[in-house]
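**Student:** Below you'll find the structure I mean.
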């Protein structure tokens, strides 16, 4: 295997991952202390500041790389979407090995970062990247293979976070580092009862025991040929990819930290025989060799790059969404829609366990959705059919529920209202993804009383009341500015008084004649229990039948 240090380089590379440096000199610590109170004071006359001003003082350029302009944790999701829409994914900066090492030295020198701080950020970035793609419901068993340096430390931190994220982590750490930082990480994992495996205890085919394998063996500063036992472990990861076409076997996915172990830092997988990870989590900034990464998921982690570093090295990196510690690099992979599937894992939903009254069963499931913190658990798809026989569906919000039925509110001149006047029957569908549940309700529909509509209308926020007047629902408008203008005029008109309910606005109530409760199960053997009404001795009861999935 080729050396991973570029030819002609006499620089000693001491970093293993996330541009960490194990070399912190007394002068570095002195610089960090000196700079802590005067880092961005442009009038500073401190000679140390002047010495490093080329690194630490941002300069203004036509294209700003000042990350302080990126969306903050309080920015809206629409702001981030707009930021990403304006970001050119092809312009992302890829670092040479020398630049990565220099950034490392600056972070851990005048900028005051410590090894354990960077390692914590790196491991958290890896764990959050994994959780973005590989959900614990299907990829719960995660093996982290850790090398002796900082890349291995990142893996140990990632294992701890994955445990708290709901995964079942395992660790293989064959060459333990005796330094207190690493010993402390091991102690933390042992306190969580996370199993440690020796190389000999691992199955020869890692797919037999694990859903995800994290390659945290060697980072961007490693050079030379991997020695035992890491040479064998790398070959096991190579074999995982080669066995991908075996029918009926789900192979482990491979996640590499910063650089796939054994790759050349700048030239990538030189001879094409190295690890082929499914996910690469680059740290700080992607390394040049990552351009050769051909897997479907490339993420960036390590959310700490200050504007001075970005400016000096002309780093162009994507903005991080909200409070996330990771961001996808490049475009999402092309997905074979026919291959998208979820193997649901849920408790059994049995006839003897359900409520005799479907309204009570609905309340039970609805309360579960509320307790699970699902977004808008009262959102439901309303399907209607007009006299032309063409069905139409849209999402509305449930705003009332009693023994008479399900209530929602809308404009009485909308398309759904028009179709309900022509065919006063409808179907409702609730879908609670986090619980693998859905409920269908069918039955006749009629308007609620004016008094009920009036009461609900005035319980709404004033903005929603004005919006109901502005919106001539389902009609064509020349532009959004028209809506804004009318809203502003009505806001001024009703600034001091009661807002009248429009005559063409009110509620509908669907009276159920059928309920179906669906709960996802493995291998598509879903539970479907249907309630239909029937009379016994003049009393209206509900019959429960199990339907084929």
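Each residue, glycine too, has its Cβ placed from N, Cα and C.
TrEMBL lists 150, 151, 152, 153, 154, 219, 220, 221, 222, 223, 224, 225, 258 with the feature (6S)-NADPHX binding site. Annotation source TrEMBL lists K(+) binding site at 151, 215, 261. According to TrEMBL, the feature domain 'YjeF N-terminal' maps to 100-317.
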**Student:** Using all protein chains in view, find how many other C-beta atoms are within 10 Å of the C-beta of residue 215 (K(+) binding site).
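**Tutor:** For residue 215 (K(+) binding site), the count of other Cβ atoms within 10 Å is 28.
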**Student:** Which one is closest to residue 224 ((6S)-NADPHX binding site) in space, judged by CA to CA distance, out of the binding-site residues 151, 215, 261?
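**Tutor:** That would be 261, the closest of 151, 215, 261 to residue 224 ((6S)-NADPHX binding site).
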**Student:** Which one of the binding-site residues (220, 222) has its C-beta surrounded by the most other C-beta atoms within 10 angstroms?
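**Tutor:** The residue with the densest Cβ neighbourhood is 220.
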**Student:** Given residue 258 ((6S)-NADPHX binding site) and residue 151 (K(+) binding site), what distance in Å do their CA atoms have, once rounded to a whole number?
**Tutor:** 8
**Student:** Could you check which of these binding-site residues, 150, 152, 222, sit within 10 Å of residue 215 (K(+) binding site), going Cα to Cα?
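**Tutor:** Among 150, 152, 222, the ones whose Cα sits within 10 Å of that of residue 215 (K(+) binding site) are 152.
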**Student:** Of 154, 258, the binding-site residues given in the record, which has the fewest other CB atoms within 10 A of its CB?
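**Tutor:** Counting other Cβ atoms within 10 Å of each of the binding-site residues 154, 258, the minimum falls on 258.
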**Student:** State which of the following binding-site residues has the fewest other Cβ atoms within 10 Å around its Cβ: 152, 224.
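**Tutor:** If we count Cβ atoms within 10 Å for the binding-site residues 152, 224, the smallest count is at 224.
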**Student:** Looking only at the domain 'YjeF N-terminal' (100-317), report the model's average pLDDT.
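**Tutor:** So the average pLDDT across the domain 'YjeF N-terminal' (100-317) works out to 92.
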**Student:** Round to the nearest Å and give the CA-to-CA distance linking residue 220 ((6S)-NADPHX binding site) with residue 261 (K(+) binding site).
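**Tutor:** Taking the Cα atoms only, residue 220 ((6S)-NADPHX binding site) lies 9 Å from residue 261 (K(+) binding site).
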**Student:** Starting from the Cβ centroid of 151, 215, 261, which together make up the recorded K(+) site, report each further residue of the same chain whose Cβ lies within 8 Å of that point, ordered by sequence.
**Tutor:** 145, 147, 152, 155, 216, 217, 218, 219, 256, 257, 258, 259, 260
**Student:** Restricting to the binding-site residues 150, 152, 154, 222, which ones have a CA within 10 Å of the CA of residue 261 (K(+) binding site)?
**Tutor:** 222
**Student:** Rounded to whole angstrom, what's the largest C-alpha distance between any two of 150, 151, 152, 153, 154, 219, 220, 221, 222, 223, 224, 225, 258, listed as binding (6S)-NADPHX?
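**Tutor:** This binding site's residues have a maximal Cα-Cα distance of 22 Å.
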